[in-house]
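For reference, the structure discussed in these notes is given below.
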Ligand SMILES: Nc1nc2c(ncn2[C@@H]2O[C@H](COP(=O)(O)OP(=O)(O)OP(=O)(O)O)[C@@H](O)[C@H]2O)c(=O)[nH]1
Ligand SMILES: [Mg+2]
């Protein structure tokens, strides 16, 4: 059997960066504690030819877990994970700039008696801070190899692997020592750290200086608001040109396919189904990339945790702590990693609340929905310095956040009642995002988006095209063809449910496949309206919507999507994370009620006012 080596250490020490560098894996990294929440393994060959399985683990402070992710780490190290044996050895990753704290966990691990070696990581940042470490003395004291590494620059990896090979070949496990009191270990760690560390006066100066402004009680929140605001303005203004190119390309493809194929079902499937549907989603790639670029920069620079800290006071008002802010901010990308990130929250009720409100954060799949409607109904004028479209987008995100806070407020007083949790989190050091990781992260998101467009969205769109085209209308039919189709009838059946909130039959049709993925609502509208269009109408989806929907309907549709309970994958992940259908069912129900109410209120109010 292949031996396993576990990569262990405190949160944010650079374990996953090291794991990626050693195995070529592409696991998520970020400059804040709690990025990795699951174990992950990859095969690797040591210099002497031995194959091993390297296991990346969630960061932990000790073998006494405080949250579900730390429990995974303990169970893996102790060999308690079902179907797994204890690792043959451990690579303990230490942050060279934070030895005093990180050595404590190492000293605790050492008592287990497993062969160990130390990756003294982030020595580049230590040097920046004027910190040097006497590696030989540290190795001597600990009685194990200590190798300096810079995981993000792939420095020290060869020596690390060579030592790992020697360790596996020669070391025999010691007898385990009984666990030691935490305080004794902490004292030993601090003494050891100061004995091997030389500091010139500049330590952590940069970070402290930036934090004096970034965490300032007045400037802090202003800076955070400005960053988020700039993000939404950028999503609109920077993406405009590339979106135009993609639109032109798709229109050209449609024209070519239309000219090349004879009039009939195949042409309609390709032009009105696949190209109109999938094309209407792909157009949003530039916007999604800009959004992700901002989120990645926030995650990797170290600002994310500051944002959580600034938000803590507001979060406390609704009964959550700042810790919850990180999963919630990740949910701007997608609720699924957001929900998984709640594993780092120690208090179960706090965790459940965060998990239940995560879908209210506007995920990137909702961006196309918002953008289509905004482009169709909100004029591209300027309000002062800002574009009106960007402002509306910002407002929609803000409504999502306010909805989440309101939901948390109510939940914490009813179903997830419990004591107010305290907020304790380590502030990471600021640093520029590593270009390679940044580019890779962006590429992964783009690939995932295009893959969804090519699989789920394409499949659902094609299915919808069939349902909207068949049965074909009888000869001499007077009504539009879609009236006779299965989807048309389904839409007509659902219409009464949605008519009170201003939704028409086409929206009712689009909402059903939109459960698969939220963007599908856009591709579905693209297909449904393309099928309804007459042959000599070359309009885009935007133009078609503008003609077909009154403004109150469009606004109600936006309001619906702020709260929409859709996306089956989110419900499935909620089921997995809460071990049952009870909470996902609750989540669906309360989100549906909120969406319905919000859309209804928006519809009737705007109808009365406009
Ligand atoms: N300058 C520098 N940055 C590093 C080094 N290793 C990792 N980083 C950065 O440190 C941050 C944390 O890296 P991760 O690999 O996600 O840390 P982790 O230990 O897996 O963190 P958790 O999964 O949260 O426990 C990232 O922003 C990395 O880019 C290093 O040697 N030098
Ligand atoms: Mg990690």
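Cβ coordinates come from backbone N, Cα and C, glycine included.
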Among 249-271, 318-340, 479-501, indicate the range for which TrEMBL gives the feature transmembrane segment.
318-340
Among ranges 390-411, 412-433, 522-543, whichever one TrEMBL labels transmembrane segment:
390-411
Top partner of the transmembrane segment (213-236) among 273-298, 318-340, 446-467, 554-574, 586-605 - counted as Cβ pairs under 8 Å:
273-298
At a C-beta cut-off of under 8 Å, are there same-chain residues at least 6 beyond the transmembrane segment (352-378) that contact it? List them, or none.
235, 280-281, 283-284, 287-288, 291-292, 319-320, 324, 327-329, 331-335, 338-339, 342, 345, 388-389, 392-393, 396-397, 400-401, 403-404, 407-408, 411-412, 416, 449, 517-519, 521-522, 525, 541-543, 545-546, 549, 551, 554-555, 557-558, 561-565, 567, 570, 574, 577-578, 583, 586-587, 590-591
Who are the long-range neighbours of the transmembrane segment (390-411) in its own chain, taking Cβ under 8 Å and residues 6 or more past its ends?
228-229, 232-233, 235-237, 314-315, 317-320, 328, 332, 353-354, 356-358, 360-362, 370-371, 374, 378, 383, 558-559, 562-563, 590, 594, 598
With Cβ-Cβ distances below 8 Å as the criterion, list the same-chain residues six or more beyond the ends of the transmembrane segment (554-574) that contact it, or say none.
335-336, 339-340, 355-356, 358-360, 362-363, 365-366, 369-370, 373-374, 376-377, 396, 399-400, 403, 501-503, 507, 511, 514-518, 521, 545, 583-584, 587-589, 591-592, 594-596, 598-603, 606
For the transmembrane segment (446-467), give me same-chain residues lying six or more residues beyond its boundaries with a C-beta closer than 8 angstroms to one of its C-beta atoms, as numbers and ranges.
268-269, 272-274, 277-278, 281-282, 285, 288-289, 292, 364, 485-487, 490, 509, 513, 516-517, 519-520, 523-524, 526-528, 531
